[in-house]
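Enquirer: Pasting the relevant annotations from TrEMBL:
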REGION    B:1-38  region 'Disordered'
COMPBIAS  B:15-28  compositional bias 'Basic and acidic residues'
TRANSMEM  B:50-73  transmembrane segment
TRANSMEM  B:85-105  transmembrane segment
TRANSMEM  B:126-149  transmembrane segment
TRANSMEM  B:155-173  transmembrane segment
TRANSMEM  B:185-202  transmembrane segment
TRANSMEM  B:208-231  transmembrane segment
TRANSMEM  B:238-258  transmembrane segment
TRANSMEM  B:298-319  transmembrane segment
TRANSMEM  B:388-416  transmembrane segment
Amino acid sequence: MSAAQSILLASEPLLAIRGVETFYGKIQALRGVDVEVHRGEIVTLIGANGAGKSTLMMTICGNPQARAGQIVYNGKDITHLPTHDIMSMSIAQSPEGRRVFPRMTVMENLQMGAILEDDKHFEDDLKRVFTLFPRLKERRGQRGGTLSGGEQQMLAIGRALMSRPKLLLLDEPSLGLAPLVVKQIFEVIRELNANEGLTVFLVEQNAFHALRLAHRGYVMVNGAITMAGTGRELLAREEVRSAYLEGGAH
Amino acid sequence: MAETNFPTATAYPEGAERLSEEQREAMRGEPPFAEAPPTDSRLVRALKEAGITAGLIAVLTVFFFAFKTDIAAGGLALTADPIQWIVWIAIAFVGRFVLSYLVFANDKPTVGGWKKITAATAGWPVGKVIGAILLLVALTLPFLLSTFLPSQNRYLLDLSILILTYVMLGWGLNIVVGLAGLLDLGYVAFYAVGAYSFALLATNFDLGFWVCLPMAGLFAALWGVMLGFPVLRLRGDYLAIVTLAFGEIIRVVLLNWANFTGGPNGILGIPKPTLFGLEFNRGAGSFSDFFGIPYSPIQRFIFLYYIILALALLTNFVTMRMRKLPVGRAWEALREDEIACRSLGINTVNVKLTAFATGAMFGGFAGSFFATRQGFISPESFTFIESAIILAIVVLGGLGSQLGVVIASVVMIGGIELLRNLTGLQAIFGAGFDPTEYRMLIFGLAMVLIMVWKPRGLVSTRSPSAIYKAKKKIGADLVAQGEGH
């Protein structure tokens, strides 16, 4: 990466989260979170259960909305926009727990991903998703609910990709999947990023895989960011290793 | 022995575990020396069970059927009526015997034969064929009736109009409940709004049916949106309660706002529909006069029949088209998973509102047709039981199935009517037996039976809206599995 490029990247992040505080009723879930995601990056957020990772993801999507702080996407303040407006700004999300439409077929699920797009790109986008996940092509007539966990995750990512996003938000794509499948899915994410320059913000509990994949990472504890650095740096740090990589013992 | 009891080296260890598990399964946790349960032949077992049931009925009903008290001079007189008692015991015996012998005792499911038939015709578009046949019958029904059943022509035509009204209502509600998955217990409110919009417009401003029909639909849609706004946050049970309340509010307002709606007296003198200005009556300028054919009162019924058929087909057509449009797909997706919908950038508020408004509009159309057919409406026609029947039609038919709604309407509305005329049962229960009194009981029983037999509704398979190369049906069992709530 040239110096000029990195300056450009540094000057204007695609997604900038500044001092965001989110509450569930009276309970504060996020305590002034600062995260930046630059164009072409894979950024991961790791942390223990209940640290607020998914809350941050949901706050980016405007559900719930941040009570303090600012979220800027592509130069626009999206902090107080309704969810459907945010999601139609070329942000796509693969939500936690995958949430494919169980009684709709794979095809219908993919169509749902492209529901805000016009039909022109549909065939191309479909081809792209089927190339990334050949398994989905085999299963295109099958209902979402009957797919295996890994296939459902592929479908959730494929569905998100159908809207031609600039920024892909992935909430725990490895949840409940076999290690081999996790590897496959992470490989696809890496490909998407390397070949198409897709920007990815990845929330993960699987710290090892996520940090190896990501350019940069953040560690969240109790609703606040405690560490930040490149994936490699974080992987090497003792605190990270002991807390998230070796059985979670402090 | 060695082969079954001890795993071979290659199958170890999973093979060993699986084998022992299988063995435990086979023994059901019993030690292997447990005696096998004595097995009676099917007939004996069925007879035994029938005998037990009959005995139970005999004990339980002895005071209800065997004895009767009548008011006599100086108090009550006890009269014995063993015949009725024995008849009921016999019914219980025979019923239980038939069930035990033919249904319960079978190792194979009783519906196996049907499965074979469906398997053999799996490649056929069965739904399409049935649909086409039904459509053909519906289109020619007035002529079939006047040819084959001239004596009951008018009654049957009237019944068909009623059934078609419910088909239309069912299709309308199917959009809200079946497609969008929003449980609406107050659908009759939109039916009422449509009926009263037409009746009030027609009687106050002298407007005809055809002018008022779209207006009534629009009014109902407007009310759909008005109901939609406050209930958008609600889901499932809560939504059901609010819609139920809404249905009752509309009825109570209609009942009490007497100087506007006529209150309990209703509205009289609602005009009949005309065919391009031709009225269906005797005299100059009427339909029969214009075409130079002799006047017959049946002509108006035939005309009404075709109006409701056209309206119902319009509802069906719009729904089928909508399902292929993004908004219809969004309805279905909303039923499956609201959060996923939001993550895809769908404005769930708008999607719900369109579902409510579209469903309400068709309810409004049906309502104004109801008003013009009756010529008189009052709040009594729009009670909760109407909502319940329409919802039952949608659920019994299989949520989201268009053909199912038709079959369920015929079964439910036609069935209720049929039960009115079951005078043949008097031969069994004596001359005092009034079938209409047991109508709702039998009807309820039939509903329970349908739900036991086909828990996902009569037409429980679902064809995907999006087809990629080959069309594939989704079986009822899979539909049941995939229920995402």
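Cβ coordinates come from backbone N, Cα and C, glycine included.
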Enquirer: Out of B:85-105, B:155-173, B:208-231, B:298-319, B:388-416, which stretch has the largest tally of CB pairs under 8 angstroms to the transmembrane segment (B:185-202)?
Expert: B:208-231
Enquirer: Mind pulling out the one from B:85-105, B:155-173, B:388-416 with the most Cβ pairs under 8 angstroms to the transmembrane segment (B:298-319)?
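Expert: The stretch I would name here is B:155-173.
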Enquirer: What residues elsewhere in the chain lie close to the transmembrane segment (B:388-416), defined as a C-beta under 8 angstroms and at least 6 residues from its ends?
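Expert: Distal contacts: 127, 130-131, 134, 159, 162-164, 166-167, 169-171, 173-174, 177-179, 184-185, 187-188, 316, 319-320, 332, 439, 443, 446-447, 450-451, 454, 456-462.
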Enquirer: When you scan the chain for residues with a C-beta under 8 Å from the transmembrane segment (B:238-258), skipping those not six or more beyond its ends, what do you find?
Expert: 182-189, 192-193, 196, 223, 227, 230-231, 264-265, 379, 382-384, 387
Enquirer: Would you kindly list the residues that approach the transmembrane segment (B:85-105) from elsewhere in its chain, counting only those six or more residues past its ends and only Cβ-Cβ distances under 8 Å?
Expert: 42-43, 45-47, 49-51, 53-54, 56-58, 61-62, 65-66, 428-429
